[in-house]
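Listed in TrEMBL for this protein:
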ACT_SITE  Glu46  active site, proton donor
BINDING   His44, Cys70, Cys79  Zn(2+) binding site
BINDING   Ala148, Trp164, Thr190, Asp194, Gly263, Pro264, Thr265, Val266, Ala267, Ser268, Ala269  NADP(+) binding site
BINDING   Ser162, Arg178, Leu198, Arg201, Glu261  substrate binding site
COMPBIAS  340-356  compositional bias 'Low complexity'
COMPBIAS  357-366  compositional bias 'Polar residues'
DOMAIN    1-117  domain 'CMP/dCMP-type deaminase'
REGION    327-366  region 'Disordered'
Amino acid sequence: MRRALELAALGPAVGDHARVGAVLLSPAGDVLAEGWHKGAGTPHAEVDAMAKVPVEQLRGATAVVTLEPCNHVGRTGPCALALIEAGVGRVVYAIDDPGEQASGGGERLRAAGVDVVSGVLADEAEAFLERWLLSVRAGRPWVTVKWASSLDGRAAAADGTSKWITGAAARQHVHEQRAAHDAILVGTGTVLADDPSLTARGDAGELLADQPLPVVVGDRPVPDDAAVRRHPRGLLTLPGHDLAASLHTLRDHGVHSVLVEGGPTVASALVAAGLVDEVLVYLAPVLLGGPRTAIGDVGVGSIGDRRQLDITSTTTLGPDLLVRARPHRVRTGSVRPDDAATTTATTPTVTAAGTADQAQNDRSTP
């Protein structure tokens, strides 16, 4: 199973599907083949592995898979049925598929007489798939909120200037985080004030292969000449101020993870609503003073109401420090009350993709 998890990591880190790995073993325990899911529309991990083995060798074999074999017809057929038809005698998987459409593969296999074992290295698989699992269980994407600040918690000087609080290494790390998320979200205020392109770029300013879908929330219109309108992924606008509804709408667009760079207003609202799964804080060794804090009101009236976080790592980036933290005692993949609440539908607006060579400087502050 540990090898299957290693194979799963070879799959795309962003996209609408879980990263899954599979290992096929002969009845004697020898490795017959390995496979992994390579992206939407490609064979699932089990089928990818089975395609590498002569049909006669599959009968009585054991399939070790990181996620319960699917039980639905999408772009590909149900993996549970493929395993049954191939004569596989035993299936071992780590965690159940939480999706309503895809789940039930284990039961189907058992009903067909296949020996099924589940829960092997389940904790490791849960940690590996935490973003995808939460998005399926909660019906909203994994939310990472990022901000940059001085050591005294300011995002800008008294006159509003903020370029640049952090150094080049920290800013490049932000671009890598953009590429590692399905979408990047800001409010209309950030678009009007900073005109960010919201692209993910390399050291030389080139566009990276993986680009997040740019999302702008709020009622004010995005100007026709805004840089974000030239984003290679197009632009998704979500009207209104119901962030929970906006997140559920993003899930409907196949977004499993979103990086929020929308300034103190959006960040504070998400924290106050309990909709944040991870915080990335880029701390610069400077003092700015003044009123322009990196985060605003998060609903804390007294010290007893404080939002407790657990620091998961600290990383030095040139002169700056990246602090990663998560809400205290919130189990990864669990559904919070906020997620289960009924939300108002949000009608999105999608524009056509812009030119792929848009690589101008992004004026949002990393």
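Glycine residues also receive a Cβ, built from the backbone N, Cα and C atoms like all the rest.
Structural mapping of features recorded in TrEMBL.
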residue	record	DSSP (3 states)
His44	Zn(2+) binding site	coil
Cys70	Zn(2+) binding site	coil
Cys79	Zn(2+) binding site	helix
Ala148	NADP(+) binding site	strand
Arg178	substrate binding site	helix
Thr190	NADP(+) binding site	helix
Glu261	substrate binding site	coil
Ala269	NADP(+) binding site	helix
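Among the binding-site residues listed here, namely Ser162, Glu261, Gly263, Thr265, Glu261 has its C-alpha nearest to that of His44 (Zn(2+) binding site).
Note on the domain 'CMP/dCMP-type deaminase' (1-117): mean pLDDT across this stretch is 91. Under the three-state DSSP scheme, Ser162 (substrate binding site) falls in the coil class. Checking each of the recorded positions Glu46, Cys79, Arg178, Leu198, Arg201 against Gly263 (NADP(+) binding site) by C-alpha distance, the shortest gap belongs to Leu198. Looking only at the binding-site residues His44, Arg178, the densest Cβ neighbourhood within 10 Å occurs at His44. For Ala267 (NADP(+) binding site), the same-chain residues 6+ apart in sequence whose C-beta sits under 8 angstroms from its C-beta are Val145, Trp147, Val260, Ala294, Ile295, Gly296. In this view, Ala148 (NADP(+) binding site) is surrounded by 26 other Cβ atoms within 10 Å of its Cβ, with every protein chain counted.
On the backbone, the CA of the residue listed as 'active site, proton donor' and the CA of Cys70 (Zn(2+) binding site) stand 10 Å apart. Cβ neighbour density within 10 Å is lowest for Ala269 among the binding-site residues Cys70, Cys79, Leu198, Ala269. Its Cβ placed at the centre, Thr190 (NADP(+) binding site) has 24 other Cβ atoms within 10 Å. All chains included, 31 other C-beta atoms sit within 10 angstroms of the C-beta of Glu46 (active site, proton donor). For the pair formed by Ala148 (NADP(+) binding site) and Glu261 (substrate binding site), distance between Cα atoms is given as 10 Å, rounded to the nearest Å. In the domain 'CMP/dCMP-type deaminase' (1-117), the DSSP tally of helix, strand and coil residues is 32 helix, 26 strand, 59 coil. When the binding-site residues Cys70, Cys79, Thr190 are ranked by how far their Cα is from the Cα of Glu261 (substrate binding site), Thr190 comes first.
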